[in-house]
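In what follows, a single structure is set out as structure tokens and then discussed.
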Amino acid sequence: MHIEISNLVKEYATLRAVNQVSFSVNDGGIIALLGPNGAGKSSLVRMLVGLTEPDSGEIRVESEGKTYPHLPDGSFGYLPEDRGLYQDRTLKQNLIYIGQLRGLEKAEIERQLDHWLQRFELTERANEHLKQLSKGNQQKIQLIATLLHRPPMVILDEPFSGLDPVNQEHVLTVLKELKAEGVTILLSAHQMDLVERLADEFVLMNCGEVIAKGSLDAIHNQLADRQQIHFSFSRQVETDALQSLALDNLQSNAAGTHFEADVDLNAALDELLKQVAACGPLQEFRRHRKPLHDLYLSAVRSSTATQEIRS
Amino acid sequence: MSSAYLQRVRRVATFEFLRFFKWKQELLTIGLMLGGFMLAILWPMIVAFFDSEQRIAVFDEGALPEIEKVEFVRLPPVQKDRIISSIGEDYDAVLDVEGFDMVLHVEKSASWQDSLREELSQWMQARKFDALELDDDAREFYHSDVEISMFYTSRADDEDAESAENERRGRSLITGGIVLLLFIGVMNGFALMMSSITQEKQTRVTEQLLTLLNPQEWMDGKILGVTMHSAKSMLLTGFLMFLLVNGVHMAFQGGFMQLPLSLLVFLNAIFFLLVGLLLVNSFLAGFAATIDDPNHSSRSVVMFIPMVPVFASFSIVGSADSGLATFLSIFPLTSFAAMPIRVAEVGVPWWQWLISVGLMLVTLYWARKLAARLFRYGITMYGKEPGWRDIWRVIINT
């Protein structure tokens, strides 16, 4: 399955929720949609699954030799941002209903239920009403409902919200297993540390527009204007020599052995390494990549400021 | 109609029916209904049991009245003033009779006085009649009932005019029952459809399920499921009423009640009531889909519109041969209520029946399409209710 999104636009009354968005999704792997609330992620996902139609632009989904204007029925599992199931029905009744609507045979539903309830440690509670479960466990049931028919693609809007750290790790493990099975996953989330560990590709959105996309390296290249280096010596060195180098925000520990500094994104690190080594007995020299969280925040702030000036 | 469509509609309908069908609740409802009916039957006995006997002082020289639960005590006239001034102690009332005039002295107004006054009035009427001093023949002639014999020219072969009259009464009973059952069905549909759709919106089930089936499949399933539940309530109530009415009939008059209900009339009523419920529930589904929160939406009152045909059909019970009844039985938004009444009471020309069925089915097809469109429109608004102008546009476009 290949998805090509080109110049997609969606407007609600006076609000342009999605503005000229373009990116593609290939088979396998995990792609993360990132952005603050109101960035247009959910609007984009709703068009992708066929709940709403774009005002302009195009979605082309190629699957098994055919082309579709949105993901074809049965080819995907969808965990929406606005989600819930029937509170006055049991876990089992809810999931059997979803399975039946997916067109699964009774035996297959039973098999999948056994597997997933066990995988999410909910087998003992299968006959309890949904309203008796904690928010986190209800969230897990939602995820099972999304995965029950073993779709080749899953779309998860905020899959980690409402989960405690233990369950976040649990879901993370399940998603990695799905990826290993070849399932394509498109997810949106706010938990940057989890997403950074999980996703292969990223699409950063703000105010309905894509502000960066690609692998983590590519995102760094697009968003980071500086890079950070860390280095240490086996004994104290004079900082005067270091300050003559092209290093910004040079900081050291009290012993004067460990340093960190910002350098230009295009700086020649090999040359800089030689210069630093000339200052003393160098033990370690490494580039420190800014966490995705920091990149995300600075990019969103900068994009929002640009949007405000534009408007 | 693809098999996938039919399968999904069946799944949704079954789920919706079972969502609202709860065994304990059903048994409780049956128990309450039986209890209510029993209480209604036994009420006069209960009232009589708790009624206390009244003691009344009488100042009269003639025969004393004989009235159940009332003790009359004749007293000499010299005690009259003293007894009147002490009413409530030894006596509940004082009856002062002079000739054919009576005065009833009581302390204050009470419910037992109404029936007492009526009985005393009849007693005095009989005393007046006795004063006429008629012979036995004259008395018998006066007391004999005046009867009007009916002769129906359309039933000239029927020698038993009484059976024709009984049949007419029976038909009125059937049509009254039809309207009552329809009322139960529509109210049931109103409650379930409203809660089904708005609950799903509030518990946010809608978005996930809409990637599993399209709005038309979902609405069709809901309409069918809720209609199945409404029909269940209607038929269960009808059956219980039938049993109880017959039980009372057997207890007081002996034997089963004879109702002029042919299989054709019965099947016709079932058909129109079921299609009517589908039509009403389609309307309710469409409007419920435009309501986000039933507690705060001014639109909830519109959901009562389907009660209009039910109330209109009340007006033709007993006059099903009128021009209004003919119109209501053909107009597609009221025919489901009026046609079963006409068929049961007076019979209907076949061409009118066909037109009525045709119009009703076409309207049903349109109404379920409208429900799905309103539903699709409502959910794409994400958190806002569509305005009247939006709804009107959808109605026109359907």
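Please read every residue number as a count from 1 along the shown chain.
Placed from the backbone N, Cα and C atoms, the Cβ positions cover glycine too.
Look at TrEMBL and you will find B:27-50, B:173-194, B:234-252, B:264-288, B:300-317, B:324-344, B:350-367 tagged as transmembrane segment. Under the heading domain 'ABC-2 type transporter transmembrane', TrEMBL lists B:175-363.
Counting Cβ pairs closer than 8 Å and at least 6 residues apart in sequence, the transmembrane segment (B:324-344) and the transmembrane segment (B:173-194) reach three or more and so form a contact.
When Cβ-Cβ distances under 8 Å to the transmembrane segment (B:264-288) are tallied for each of B:173-194, B:234-252, B:300-317, B:350-367, the top count falls to B:173-194. Among residues of the same chain six or more beyond the transmembrane segment (B:27-50), those with a C-beta under 8 A of the stretch's C-beta atoms are 69, 236-237, 240, 244, 248. Long-range contacts of the transmembrane segment (B:300-317) within its own chain (CB-CB distance under 8 A, at least 6 residues past either end) are made by residues 172, 175-176, 178-179, 182-183, 186-187, 189-190, 194, 276, 280, 283-284, 287-288, 291, 294, 324-325, 328, 333-334, 336-338, 341-342, 345. Long-range neighbours of the transmembrane segment (B:173-194) within the same chain, counting only residues 6 or more positions beyond its ends whose Cβ lies under 8 Å from a Cβ of the stretch, are 20, 222, 226-227, 229-231, 233-235, 237-238, 241, 259-261, 265, 269, 273, 276-277, 280-281, 284-285, 288, 291, 294, 300, 303-304, 306-307, 310, 313-314, 317-318, 320, 336-337, 340-341, 344-345.
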